[in-house]
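Lifted from TrEMBL, the feature list:
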type     : residues : note
COMPBIAS : 78-89    : compositional bias 'Low complexity'
COMPBIAS : 92-104   : compositional bias 'Basic and acidic residues'
REGION   : 74-104   : region 'Disordered'
REGION   : 607-642  : region 'Disordered'
TRANSMEM : 116-134  : transmembrane segment
TRANSMEM : 146-168  : transmembrane segment
TRANSMEM : 196-217  : transmembrane segment
TRANSMEM : 237-258  : transmembrane segment
TRANSMEM : 270-290  : transmembrane segment
TRANSMEM : 310-331  : transmembrane segment
TRANSMEM : 343-367  : transmembrane segment
TRANSMEM : 393-418  : transmembrane segment
TRANSMEM : 439-457  : transmembrane segment
TRANSMEM : 463-485  : transmembrane segment
TRANSMEM : 497-517  : transmembrane segment
TRANSMEM : 523-543  : transmembrane segment
């Protein structure tokens with residue numbers, strides 16, 4: 001059999017695979033050429049902002065891919081290319097390779113994504129936590145009035161609602177994971193994004209997760225002491241063990257599809273959380289209407305109108321409402337984000353406000369102002385006066401609240417780290433996602449491991465207090481980025497929801513005030529947080545903007561860590577197109593089906609080719625050497641610094 005006939009048969013085979021993968025009968029797109037008996041193929045894989053010619057080398061096999069597009073096409077959803085195109089998450093960003101095999105027509109219809117109820121459960125579960133049982137006493141101490149305290153909770157809900165409107169526009173305009181980090185990077189403020197990112201990824205999120213896990217262990221031990229008394233010297237160890245065990249269980253669930261395990265677990269945890277809150281509300285209203293509480297006697301007594309005290313009360317209320325932006329950390333993991341994300345966010349905040357307002361009324365119906373001001377364990381006192389012997393169940397109910405909060409905080413922290421790795425500001429191993437369910441397994445594991453390590457540091461509450469103001473400062477820059485997008489008319493997603501401009505300015509002003517308050521009142525505490533952010537800024541310019549370029553040691557370390565992480569976690573790096581440097585013409589790793597399409601098949605004879613049992617385009621069948629080379633090539637340029 002002549003070589004030319006073998007080439008024609010091989011080309012026909014690849015054209016059939018291309019049609020099955022991309023759903024087209026156009027046989028003119030993939031072209032196969034023969035050079036020294038080795039077949040090469042040219043095919044469009046990724047939509048990018050501007051023309052780009054990219055080459056991927058695999059054991060002497062050169063695969064050329066050409067992608068055409070422009071910013072205007074991305075904004076309108078049109079394409080000037082005559083070849084079949086894949087859906088794009090955002091303007092100028094290639095489609096995530098791990099998702100390309102599953103989402104050819106519409107990325108929002110993937111079966112592993114969460115729908116409206118799953119998204120709403122994440123909003124409610126992330127907001128309702130220990131805050132509602134801690135901050136009521138703080139609010140009462142600063143206002144010294146029932147009526148003014150309730151007004152603070154109303155104002156806090158309105159601010160959260162206003163912020164959610166701004167973040168709805170951001171989430172529907174920029175369909176990327178990472179929330180504030182992704183939005184600041186979208187306007188090319190990479191240094192600012194990095195300074196906030198490394199504080200959040202390395203300290204704030206792991207510390208928050210560690211606090212929640214350890215608090216869960218404390219409440220679980222408190223509930224179990226009625227059945228088995230752990231010796232006092234072993235109690236701290238047992239608390240940490242219970243918390244860490246729960247953390248690793250939730251980590252394991254997050255290794256799989258968000259809609260298959262984690263979102264369903266979050267729905268169940270949210271339902272249990274709502275039932276726990278309902279029990280408090282029912283008992284409080286029962287005392288209010290049938291036992292004549294002292295509620296009316298303290299409505300307007302001793303009201304404080306000090307501006308500083310009122311702002312601190314509002315700060316405490318907003319702490320209880322924090323977490324409403326959770327959906328922006330994984331917008332691309334929501335089905336039909338233009339519809340489901342706004343509905344889930346607004347309905348979740350409304351439900352939380354009603355719950356918080358009713359819980360505060362229940363507290364005031366049972367506890368007097370003096371008791372509320374002097375006790376931080378408001379829920380414990382409430383249960384003792386209303387439930388009697390059943391008050392022993394309260395530790396377990398609060399533990400349920402913490403389980404949902406732990407899951408949602410792990411979701412936020414891991415997606416934040418994953419987004420930073422995709423932007424090239426963390427080692428590319430943290431961008432590795434599973435090809436089947438798109439879970440960022442390495443980032444999930446890293447956040448859990450950091451949380452376990454930080455849990456042995458010491459006073460976690462103080463650590464969080466040093467950097468909590470960074471969230472508000474970061475939000476100021478995020479809103480400035482949104483205004484920059486509006487002013488410069490930067491192209492965004494075609495399905496973006498736009499809100500009135502005064503809403504953005506009003507929320508920006510509120511955030512500036514919230515940043516200024518802790519600096520004014522507790523400069524010693526906030527100065528350390530400012531120093532950490534400035535240190536991150538210096539770290540960025542020293543390593544990321546170094547004129548000497550990338551260190552060969554760091555590049556090798558990044559390559560090897562990505563290689564081993566991809567094998568250990570069964571995942572592949574998922575890097576943004578613009579982070580692939582010009583010095584290394586390496587493309588993003590394709591999906592399993594596309595890898596199989598691009599890798600040439602060599603046969604010794606025509607009989608071998610006809611009798612070969614070729615795999616389906618959706619089933620990976622790579623030799624280990626080929627896969628390892630592709631992983632190394634894909635991670636070689638994933639990190640600017642490394």
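The backbone N, Cα and C atoms fix where each Cβ goes, glycine too.
Note: TrEMBL annotation is automatic and uncurated.
Among the stretches 196-217, 310-331, 439-457, the one making the largest number of Cβ pairs under 8 Å with the transmembrane segment (393-418) is 196-217.
The listed stretches are 116-134, 237-258, 497-517; of these, 237-258 has the most Cβ pairs under 8 Å to the transmembrane segment (439-457).
When Cβ-Cβ distances under 8 Å to the transmembrane segment (497-517) are tallied for each of 116-134, 146-168, 270-290, 310-331, the top count falls to 146-168. Take the transmembrane segment (523-543) and the stretches 116-134, 196-217, 310-331, 343-367: counting Cβ pairs under 8 Å, 196-217 has the most. Recorded stretches compared: 146-168, 196-217, 343-367; the one with the most Cβ pairs under 8 Å to the transmembrane segment (116-134) is 343-367.
Only pairs six or more apart in sequence are counted, and the transmembrane segment (310-331) with the transmembrane segment (196-217) gives fewer than three Cβ pairs under 8 Å, not enough to call it a contact.
When each of the listed stretches 146-168, 196-217, 270-290, 343-367 is scored by C-beta pairs under 8 angstroms to the transmembrane segment (237-258), 196-217 comes out highest.
Long-range contacts of the transmembrane segment (146-168) within its own chain (CB-CB distance under 8 A, at least 6 residues past either end) are made by residues 136, 139-140, 179, 295, 298-300, 303-304, 310, 313-314, 316-318, 320-321, 324-325, 328, 341-342, 345-346, 349-350, 352-353, 356-357, 360-361, 364, 369, 475, 479, 482, 497, 499, 503-504, 506-507, 510.
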